[in-house]
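According to Swiss-Prot, the substrate binding site annotation covers Gly106, Gly107, Trp108, Gly216, His217, Arg252, Asn487, Leu488, Ser489, Pro490, Ser491, Thr522, on the basis of similarity to another entry. The feature Mg(2+) binding site is assigned by Swiss-Prot to Asp177. Taken from Swiss-Prot, the feature active site, proton acceptor covers Cys215.
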Amino acid sequence: MAIAETDTEVHTPFEQDFEKDVAATQRYFDSSRFAGIIRLYTARQVVEQRGTIPVDHIVAREAAGAFYERLRELFAARKSITTFGPYSPGQAVSMKRMGIEAIYLGGWATSAKGSSTEDPGPDLASYPLSQVPDDAAVLVRALLTADRNQHYLRLQMSERQRAATPAYDFRPFIIADADTGHGGDPHVRNLIRRFVEVGVPGYHIEDQRPGTKKCGHQGGKVLVPSDEQIKRLNAARFQLDIMRVPGIIVARTDAEAANLIDSRADERDQPFLLGATKLDVPSYKSCFLAMVRRFYELGVKELNGHLLYALGDSEYAAAGGWLERQGIFGLVSDAVNAWREDGQQSIDGIFDQVESRFVAAWEDDAGLMTYGEAVADVLEFGQSEGEPIGMAPEEWRAFAARASLHAARAKAKELGADPPWDCELAKTPEGYYQIRGGIPYAIAKSLAAAPFADILWMETKTADLADARQFAEAIHAEFPDQMLAYNLSPSFNWDTTGMTDEEMRRFPEELGKMGFVFNFITYGGHQIDGVAAEEFATALRQDGMLALARLQRKMRLVESPYRTPQTLVGGPRSDAALAASSGRTATTKAMGKGSTQHQHLVQTEVPRKLLEEWLAMWSGHYQLKDKLRVQLRPQRAGSEVLELGIHGESDDKLANVIFQPIQDRRGRTILLVRDQNTFGAELRQKRLMTLIHLWLVHRFKAQAVHYVTPTDDNLYQTSKMKSHGIFTEVNQEVGEIIVAEVNHPRIAELLTPDRVALRKLITKEA
């Protein structure tokens, strides 16, 4: 929905062009893409900002359109994207290559990384407005370059090679951290403009106060009223419309864990304001400052915050009297004495202990609660006394949960249940109001923002499906088509959530069923980067260049493009450009004979192709039509346990072996077989597993094969392989493991180039 235009008489061609643009922009507003979206401005106001020289932002525009459509598809299917925030452009490219459809870019990693002008630090959005867009520009540039490199290499392939080589989608589907917008409406617009100019299609804006912004999992968060958050969202949409980009706006709320707000002006926030119900208690501010001053007077000069304020003597006297009666001054004296005697306690430590006791005492003595809770207490008391009440307490709570302070007070007076209540008494020294944070407040904030955003995000203090469901159901009760996002934060200790491994594995899937389409590990890349660096640095110190050799072996195993780094970064395409620009006269190609990359093309391990050749012989003998393909990969990413899979032409897995190569104390290589399967009955008892084991023994130079928790099939197979001469001995130890010793002379015979012995093994002539 947008504000309707009034008819304007058109005279000149200039005005006619302007009105055409206004009409086109209005049609754009009215398109299905923006169904349910409210704009607080007109198409005319947008066009007035554009000027006459067209400026195109094709990367952001095309990415935004395609990304939004994909998110809508996922929402309809109740599925989701699970992603993380990369710490480098290489990580972003790898994510897309590994099939993660979208990328998150957070201010946490930007803060932790620092820049040429900013020190690394915590996530307080204290960096310049341009810093996250600058980080985003590097990611987008890396993705576009990866796309160009891929396109060039695919052009050099035959049609058959292209069909066998997957093409990766490097479009910059990114949702980036716009923090609080970094100020007022002009700052929000400037920030969004910078994101669009570098090609970013999505942005999240939160409802924290600029200047006091915290990471979503730090304390001390101060919210802004709902109307202020809506202004930010509207300003972002306004800038996107000016730039003709259907960007994806995510409205984040921190209301679940916040306890402060900088204004009581918005009616939607008022049900959650906390106030004193005992009005003879000195204000929270005066008591807090009097406590600080007491520390100062007792010689702790570092605690001097009271000097910022000009509290009157009478206020200090009233607050001091209350602190004395509550025993807080006594606690201050005890803490200061202990600090002097101990010498080891920090000033922050002794202050925090006393402050916690003060807060609990003040809240208790002031009867701190929301106005709705105060009225409910009056109604419940009247009900318990048998007095007639005009509304049941539960009915009142339902009403008060959405009522403004004005409406709630009017209703309470009508019921004869208007208790004393004052939120001004509970204000902090900085002037912030105290609020009742929690999921109900986060729901209220998100419902207010929903018509102005494409996706809603409630920041949470832990990972909890029940909390997510409560939020999703409340939002979808009023906005059934509203897409949601969820922070799978590394700030959570996932092993303290009470979830099993399987529940953690399925957590993103369960979120998708609730309508959470974009679920992300905010600074996952930062932790990946750190742990990988620690592991490699340790290995380098312990094992010298063997550490790098092991890394290169792993790259070959998983067929990582990092195995050929010059190609990865675009060496062949660069040489092609050099040839084009020099009329093919250049003799300085980077990928020529002098490139050490050719060393990485040398086959240092037994190739999978050898087993595929054996399987072709085997298939021919048994007249099987499928052309079999061999895949060797870690069973799970990062695992030392490997899986060798045999696949048919339709990519169905026909057989597999789960195993781990290990070395014993004497340096002998042992294959530890955990599981093996032949999935098609028609493939069994044809020595398929024998061929697979022969190749594994050859590939890993194994001296023995151990079968863990073996089955009867394992017993039969190993005895048959012994009869074929592949094993010299087969022993079963205590029923839990089969130990088979490899017969290397027989292995050598089976590996001879003429393949006579191998063919006899396949055809069962031997």
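Backbone N, Cα and C atoms are what each Cβ position is placed from, and that goes for glycine too.
Sequence features annotated in Swiss-Prot and their locations in the structure.
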residue: Gly106; record: substrate binding site; DSSP class: coil
residue: Asp177; record: Mg(2+) binding site; DSSP class: strand
residue: Asn487; record: substrate binding site; DSSP class: strand
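Taking the Cα atom of each, Ser489 (substrate binding site) and Asp177 (Mg(2+) binding site) are about 14 angstrom apart.
For the pair formed by Asp177 (Mg(2+) binding site) and Trp108 (substrate binding site), distance between Cα atoms is given as 9 Å, rounded to the nearest Å.
Fewest Cβ neighbours within 10 Å among the binding-site residues Asp177, Ser489, Ser491: this applies to Ser491.
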